Structure formats: C-alpha cells, structure tokens
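K.L.:
Feature list, courtesy of Swiss-Prot:
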BINDING   905, 906, 908, 1208, 1210, 1223, 1227, 1228, 1247, 1248  UDP-alpha-D-glucose binding site
COMPBIAS  1-16  compositional bias 'Basic and acidic residues'
COMPBIAS  94-107  compositional bias 'Basic and acidic residues'
COMPBIAS  186-196  compositional bias 'Low complexity'
COMPBIAS  484-532  compositional bias 'Polar residues'
COMPBIAS  571-584  compositional bias 'Polar residues'
COMPBIAS  588-602  compositional bias 'Basic and acidic residues'
COMPBIAS  1324-1343  compositional bias 'Low complexity'
DOMAIN    238-273  domain 'GRAM 1'
DOMAIN    717-783  domain 'GRAM 2'
C-alpha cells in the first residue's frame, strides 16, 4: 500500500505554492500521524504476504484483472481523501445543524411551560465563532408556540405576534435553547383510557396567565371561573374548539370515520357538535418516497409521436427517464408546483375508456398515454393529489360549517361498496353561493346512522330566510369553485394565522390559511407579493386568460385548485420597486402570475366565474382604513372596465403577453449582451465558484465568490430552476468540467446542500444529472483520460462510478474537498431533505395537533358513538404494491427436502448452516452437501449432511499461488484438477438425490445441471457479486482503479465464458453419461435468469439499479455460536488489562489463506503492533496450511502486547475489540462490520479485493495492497483513532444488526419458487428429458410433455438477443417433439436414451 497521506501531501505541495494555497489545500491534511509513523521503514515497498516468485514484481502477483487492464489502459494512482478533513468549511457550518424533534423531557413538563417562549422546536445553535453577518442573514425560526394550537385565547394576540416578528432578532432567543415536543407513544395498557393530557394543558394555560398578568388583565376570580368551566367539558370538545377556533367549546354529539370525496378520497373524521359539522384529515409529508412509478408514453412538444419513458413521481416533480436503471439522468422533469390540473382526455371512440391524460402547468400542457385505462386513472389520481398538496400549505385539512347553514342532505351513490351522501350548505349571508360536500362511509351502518342523524338535525333547525345582497365589507377575498372553496379548506400552516375576533355564521372553517412559505433567496417573489395594485392593469388580461383556461378544465380537476397566484387577481407593482437587481431570471418567474398576500396589509380580490359572467366575492377581514377604501374604489372601476371588455379578454391577454415578453427580451438583449459574451467565454475557460460565506477568507480566495449578494441569489435561483428543486435547496459551489460517459460531455457541476447536479452546456445536448448526496459513497482523485486533464471519480451506492475531468488540478482538488465536506454534513441532515425550517416546524405542529386529537378521542366519553378509524393519516395505500409485503402467503403447504450444495472453506459453509437452521424452524428438511471435513460441524446443528469430493486446502493453495482464474491457475487446474472436477460432479449428483429444492453456490459448478435432471427448482446463493451489473466489477476481476460501468459489465460476460469453456467438455460428458441430458451451452442454461440469493448486507453492497427482480440481496446469514462458548481465562485477562491501561485492542487474523513465509508475516505483525502502540489478539488460523510443518509453531517470541488464540467465535470476539484486521473474506468481513468496528483488509485472492474496496468506499476501514510494517502500523493507528471512521463503522453495524438475512432469504425462496420451477422445466424440455432417473416423491411419472409446453408460455424474458432466442427455440422444439419423447432405460444411476 502506498503511504496514503505523505504521497498525497507531497503532490499537493508541488502543485500549490507556499504563498497561495486554496481553501481545500489548507484543510486537506488536518489529521496527521504521530512522529513515529511519519517516517517510512526500509520495508515500505515490500509485501510479506506475496508468494516468493512475485516479490520482484512491482505489484506482486499477476491477477486476471491486471492482464485485462493492460489491454484497456493503465491509469494512475489515486489519493485517499476520506477522513482527512477534520476542519469544516464556512459553507458547511451553515448547514450542519439539524432539527431535533425527540426529547427525553416528559410531554406534560413541556406543555406546562410558557407557550410563547418555552414550547418550541429545538435547533442546535451554531458555533459561537460564527460571524455577525451570518447571524444577521440567518432565517428567523418560528416556534411552535406561534401555531394556533398553542396560542392563549386572548384578544389582540395576532397583532402582538406581528409586532414581535417585526422587531429585530438580537441573538438566539430562549426558545431556541429549549427541548422539543416529543412524539407520544401509544399507551400499552389494556384500557383505551389514557392520561388526561388536555387537563394538563388547562393547568399550563392557568400557570401562564399567572406568570404574565400584563398580557391578560383578568382577575383571579375570572381565571378560576374559566378553569372550572373548561374542566366541565370533555377534552375532545376543547381540542375541537382550538383546532376550528370556535368561540366556546361545543359538545361532541357523535364522531364517524369517513372520507371527504373531492378529486381524491381524504380519509379523516367527521365530528358532529352542537353547532357545527367538522371534518379533519391528517396528510403527512412523504417527500423522500416515490409516490408512483412506471412506464407510460409521452408526446413530444412538436412531434405528435408518443415515446415510451419510465416515469417517477416523487415530491413535487414528475421525472421521466429513457432507462429506468439510470435514475440520476432524467430525460426531463415537470415541476408540479406550477401545475394547474391533471385530467383524462376524452377518447374519440366513446365506447372505449380513455388511456390518454394530460397535465396542464402554467406554461404548457403535457400529453401522456398509459397502457390501460386503469393505469391512466391511477396516474391522474396520483398527479391530482400532488397538485392538491402543492397548492395548499400545511399537513392537515379542516372543514367546518354551522348546522343552521345546511340546506339539505341527500344520498349520492358514487363509490361502490360505500355509503355516500351530499350536504348542501349556504356559504355565507353575503352571497348566494351554495356549496356541496360529499362524504363517503365505507361502513354502511355508520353511513346510515350519520345520514339519519344529519336529517334529524336539519328537520329540527328553524328555516332560514334566503340570504340577500349586502354591501362589500372589508375582508380578504377567497376564490370560489363549483364544489367547495378555499375559505372552507384550511390546511394548517406554521406561519402566523390571523385570529378573527368577530365571527359570522359562515360555512367556512374558522382556521384561515396563513401566508405562503417564503423564500429567503428569492427577491423577485418577495417584491411580487408586496407590491401595489397600479401596474397590474396591463397584466389583468393575462390573468384572465389563465383563469379562462382553468375554468374550461374538467370538474374533477378544478376541485383540486387552490393556488392564490392562479385564482386571485394579480397583486400590485410599482415601477419604482422594480429594479434590475430583482429582474426575473428564469422562465418560471417570468411566467408566474404574482401572488396576493395579506401579511403586508393588502387584501387580494378573487375572481369567481359562475356561468358566462364574472362576479366578485369577498371574505372576512378585521380592519378598515382609508387605503382600503381607495383600493375598493379602484376595484369597482376595474369591474366596470372588465364587464364591458370581457369578450375580448382572451385575445387581449395573448397580445399583452407577447408585448410584455417582447419588451423584456429586447431590454435583456440591450443591457445584457456584454454580460452574455463574458459568461460564454468564462464557461469555456472553466474555473469554479463558491456561494457560501466569505468571512475570514484570504483576498485571493475571495475571487472565487460572487461579487454581490444579488448575483449570488440570481445564480441560486437559476440553479433551482434548471433542476426543478425546492426553494430550500441552497447552492454551495459550481465548477466547469467534462462528464465522461460514452463520450466526454462539457458542462457545469453544481454542489448544493443535498445534491450533486450536472448540466451539459454544449449546443444540441440536454443531459442533466441530479444525484442526492446520500447516494454518494466516496470521492476519489484519478488521472484524467485526456492529456493534461485531472480526473475525479464519484462512487455511487448501487450505481456505476461517474468520471469527471477538470482542466486545472486546483479546481479538481477543490471540488473533491467540497464534496467530502458536504458528504460529512449531509449525514446529520434529516431524511426529508427538501423541507425548510419553517416547513419542518409546520410539519411538527401538524403532528402535535394530530396526536393531541387522537389523545382527546381516546379520552372521550364512552357514551359517544366512537367508530374505529380508517388510518392514522389520509394517505391512500394501494393493495400489494410492495414486493416485500406479506399479504399473500407463499409458504408451501408441505415441507420440502432442501439440499444446499457448496464447496470451499469454512466461510463458504457457515452461511448455509445459518440458512438451514432457519429452514428447520420453518418445518423443512434441509441438507448440506460439502467437503467431508465439515460433517461434524454441520451435524452438530441438527442438519443432515452429504459428502462432496475435493480438498479445500489444495484449492486454496492453488488460488493463493496463482491468483483466481489467471492463466497459470487454469493451466495448473487443467493438469491437476481434471480428475477432481469429475469426482466433484459425480459426488454432487449422488448427494442431491431425493431433493425437492436445490440451493447451490455457483462455484460448485454442478447444481444447475442436477436441478435440470431432477426437474426441481434451482436457486443460487453466494457471498460475492455474480450477476451482471454495471455497478460493480466481478469479484474475481477487480481493477486497481475505477474503469466504469462498461468494464464492470464485461467482466461478468468474460468470466462466464472463460469459466464455462474451461469445464464445458467435462460437464457435457457428465451430463450425457450420468444425468441423461444432452449437451448444453450458456444460451441454453441461461444462468443470468436463475433466482439468486446474495448473503451479504444491502448496506454493504447496495442492490444495483440494473439487477432483475429475481436477484435479491437478503442480508448476512450469521451463525451465532457464542452462546455456549466461554473465553479462556488468559484471553479475558488480556482484554481486561488492555482496558485498564487505556490501550486500543485490535484483532489480527488471516484465516483461510496460505502464506509461504509465516515467520516473516508474524514478524511484520509484531513490529506493526508495537509501532502503532495497540494491543493485539492474534489468530493464525489456516495461515500455514500445506506449508512447512514447523510453521505451525510460533516462529518468534510474541511480546506481551500480543495474545495468540487458536479460535474464537467472531460474534463474541469482535464485540470486545476496537478494530479488526483480516483477509477480507465475506464471512469475516460481515462479522467485523456487524460488530461496528473499523476493518483493515489485506486481500489475497478472489472476492477479498472486492470487499476491501467496499470497506474503503463506505469509509469504515482501509484496504492494504501490500503488508509491511510502515503500511500496517499506519493502518492500525488510523483504524483506532480516526473518529469519522469509528462513527461510520458504528452506524453501519447498527444497520446490519437490524437486518434478518435468513428470514429475508426464506421469504425470497417462497416468492420465487414457482418461477424457479418453471425455469427448470423449460430447460428440461429443451433437453428432451423426462423426469429424473430417481424421481422425488413429489413428482409423478405419468406427467406428459404437454405440461412442459404450457410451462414455457408462463414466463417471458426480456434480455439480450441470445436470451430471447432460447424461449423461441424452446417452444418450437417442444411443439415439434412433443410426441417424440425418447424412451428411458434406467441402469443404476445412469440413463440411456434411445434415438427417436
């Protein structure tokens, strides 16, 4: 191994002068070794584990991958930058804090605190060294106490809140340092009656009023009377009063679980009180979950042809991809935050259901076509739901209307298997509007009772006089729809809610929508929302055109619309406020209709269209002023003008749109032409730019930052517009570089808080990349593909590596360090990465409100008719949409005889013992077929055993001395192992008799043929990647440097062909002689279609995106053997002594490998342990097997720092140490990672190189290419002192321990059992093979060949061309030869076929 710090540092120092070093260079080498480890020893280039014949070579033995690399290209070394950045950058400090919602503080203690300052979401404070400018720029954090749920019921609270928000923030407030509100667990008692939480809230409010008498000057008597009154009502009534802002608590008559039927079913609860009918639904955010995905067709913008894409609906963005396995490179995106509607398209043939649908946004309409009408409806519903959510802030829906406003209730059967009725309600006394609310009950009895109850309430309500016209009051306008309106839809928002002191009898909910979520980085939107009315006269026609297009959509689509920028009139701009610095910088802002808001003292006017005429409706407001009267007079004048010009509005809107946009474009070209030229020249010149804080930077480094704040904000807005990112995504740095895929593509790299993005800049290219930082495992520097360029490799979880090239080394190094810093910061962010602090507060407030309502329901009186709830949230779940679900029981009705066939070392057998123990618990009869020396170990666990020929030690010696499957390996194996392979095949055939299911390690070579002869399902299970993928290279062909997805994929194809050609002759002879099968080849066997079970953790080797469905990474199959094992006294005393001395303990063991010079290896271990100043538990294991007999003894005296053991269970031993160093076998690597300790791997052969790279990529260990004192001592010191590595290893260990690999594997077997059976029968029918010569009891001999033909039609494979040819030839052969099945004669274990 190269000295990974000193070499990198020397190279960096040669590139950077002492007078000027970049930020990345100053922070790159923050951690350093002790002085004793900085100097290389004489053996720095030696490798004491290499065979003697290869010590003279530069890199030791020649493996197969090295010969492949010499044919492709030789690339340079890379520098390990992981865990070398102790100091965080300024940009990192801004985003390291994360909201914490869990607290150890009891809930009642937090509620009783002051709701004005004490109840809040805790956000860890930034370091005290943060600059004052950053404090001034920090976004104000609103506490939960400002949410309406926690406000004291005092007059003027809203105005006080406004004053408080207007005052400057001198520093961290008291609320920023207090504990958050924890999530309450459900009580575990048998009774549903929980503790009276609401009563504690009453006490809290009483305590608040006594502590703050100036805010509520009430007498003590009044307070006591208020508390006594509140104590007389139920907690549910008080909670509903707070949620819906009733003036007094109203007795809850009845409660029902039902759904509000709009464009989608909103599951929630209906509460019938003495005066109101209320509905509440909780809609939690699920921003990181893919809502819906699948193949649909999309029509081009100019090309009417429909092209098939893979679509993914996630968060607020609908993305489509040409390749579903390449989800980081979208072909396009549709930002649904600016969506208007989603609806089915009317089919031309009325007799057929439509498969076409469309999505309308504020700038164009997208047309789609699904495979079926059902799929189209599902997509429309999902899109409508997202649009509905994006148009309404908050996470809960509240609807409330007075009972006296109800006109009638009538049944309306709309949903099958459900009771649905319609409630018609008068909106208010000021209008003639009548609203219709549809409620669906999936319990018919509850629906009938609710219907009868509401009918009875209406009959007992005095008749109302029809509402008449009234003058326009001073109130905030709300849009109206055909069914329901915005002022009846209240989605709880975390921003300030305006508390209404005077109530009218309205059908709307009293909870008013707060102001929209602001964007601190968007001066354009702030200016739009705070401008005045006077420059909106030119643009009103444009808004009317938009409204006209909206109202022309279908009714179901219009019901989900609630956006203020669409339905309310344009707000007012003054030309003086419009400056060049706040000009619209992208299409979204130029096309977006300005929003209206009430937080700046202006009331918007909404337009409502009823038939062919336009009319204005208004809602409540609290203040009157001269400014408001002037505003309404201007509105009245505008009404007269609009009434006469409405027929021409759409044409005028189009003309005004073109005119305004033409002016803006001409002004842009006139004023920005020189800037455009400068940008283009700067683009080709390359470079980099940072967007963090500039305090404390050197003058030379300030040149990397934008000159003005406006420029920085404009760049961030453009970045978000390019990639359809949320307003909270903050750009950190940008670089110009080449992205290498098929060809180098020039473009721009963007690094933000949570994502790494790339956008091509070449004309005619539209490549975009959006890569979440949590999917990045590592970043490494490489040499560039082009001369004079510098490479950067991004290692992605479950995906092939990405290659970037920079024209300057400084830019490449800066990008690498910035990415490492962002990766470190991203680990501490919450999973919902797209939520701002305000949105997070709103989410938590909604959760608290929902939780308190659930507590109040449980505390409700038993006399109330409480029905079981539908669900905790209003999310609609599809049936059986998760492949991991357990709705259907796949377990066979009868127990199976299962044989596990494997060869190799102890680590190859141990996972199958664990799997067989799980199968035993399921009632099956497992058997392990392997080498005879493992029989006592297998039978000790109660598992049947069958012997297989072969000596694992001899095979291991061959692998170590020649490398895995190199030319020398194949040459010696051909000369010495031909007889061994024949014996292996024959013994495996005997061992697998009388089996119903076969699970085999593919290294055994015989299983797929045996399953074909026995006509039984066949699975493969292995400890290393064996299936074709672009994400990882074949475990036996790991290159020294990253070579990309194409190389990775070809290693599997090449290995399959080389491996098969080496054994094909012997296997085909064995098939014909013993199995009675015809000769075969790779096309007929289709090994890449076999169900595969990988027994390693998906946290260690994430499933690649291009794995097929039948390939599953189940998790480690661990075998716990420490329960009945007692450690020797000497070992226990050694561990205790090391802990008392304060020394780190490491485990060093190279089991299952063979070395030619055990003495030199032992000496290297001793000197490395002493130099690193650690304590060592040494396990020799198989290190000297087949070597000199004297090597079984200790060659040199071991110092007291080292304690040698013969063997110990890994699960016990690794829990006692601080780091582990071993050969990197799959089982040992899994055990050390499961224990959560840093792992040092010195690979010798096979998959050990693969797992060594994985450990390095995950940042949980070190992979050593060579083993000597210099390298090993540094690795031991790093593994025991690097905090980043230690923390990562602990986190990975927790994830692995939470997995149950055996249970997952058994469920996967059950699910794919039928598929595996069909696949085996297909291969058998091709070989013209009837049932096995020794058929199992589950198979009947009288089954004819017609079953085989039917089986062939059950499965359709999509893959390579050669794979597609096989099913076709199979069907042709089966049809033509169904009546010509050869007869069979059984002689012992050999089947002789007569020619047909």
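Including glycine, each Cβ sits where the backbone N, Cα and C put it.
It should be emphasised that the depicted structure is a prediction, and the values quoted were computed from it without experimental measurement.
Map these features onto the structure and tell me what's around them.
P.N.:
Neighbour list (residue 1247 (UDP-alpha-D-glucose binding site), Cβ cut-off 8 Å, at least 6 residues apart, same chain): 1023, 1024, 1035, 1036, 1224, 1225, 1226.
Residue counts for the domain 'GRAM 2' (717-783) under DSSP, split into helix (H, G, I), strand (E, B) and coil, are 10 helix, 38 strand, 19 coil.
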K.L.:
Which secondary structure state does DSSP assign to residue 905 (UDP-alpha-D-glucose binding site), in the simple three-class scheme?
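P.N.:
Residue 905 (UDP-alpha-D-glucose binding site) sits in coil per DSSP, no helix or strand.
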K.L.:
Helix, strand or coil by DSSP: which one applies to residue 1227 (UDP-alpha-D-glucose binding site)?
P.N.:
helix
K.L.:
Counting other CB atoms within 10 A of each CB, which of the binding-site residues 905, 908, 1210, 1227 comes out lowest?
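P.N.:
Fewest other Cβ atoms within 10 Å, among the binding-site residues 905, 908, 1210, 1227, is found for 905.
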K.L.:
DSSP helix, strand and coil counts for the domain 'GRAM 1' (238-273)?
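P.N.:
Counting residues per DSSP class in the domain 'GRAM 1' (238-273), I get 7 helix, 19 strand, 10 coil.
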K.L.:
Taking only the residues the record lists as binding UDP-alpha-D-glucose, namely 905, 906, 908, 1208, 1210, 1223, 1227, 1228, 1247, 1248, what is the largest Cα to Cα distance between any two of them, in Å to the nearest whole number?
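P.N.:
Largest pairwise Cα separation, rounded: 23 Å.
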K.L.:
Averaged over the domain 'GRAM 2' (717-783), what pLDDT does the prediction give?
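P.N.:
In the predicted model, the domain 'GRAM 2' (717-783) has a mean pLDDT of 90.
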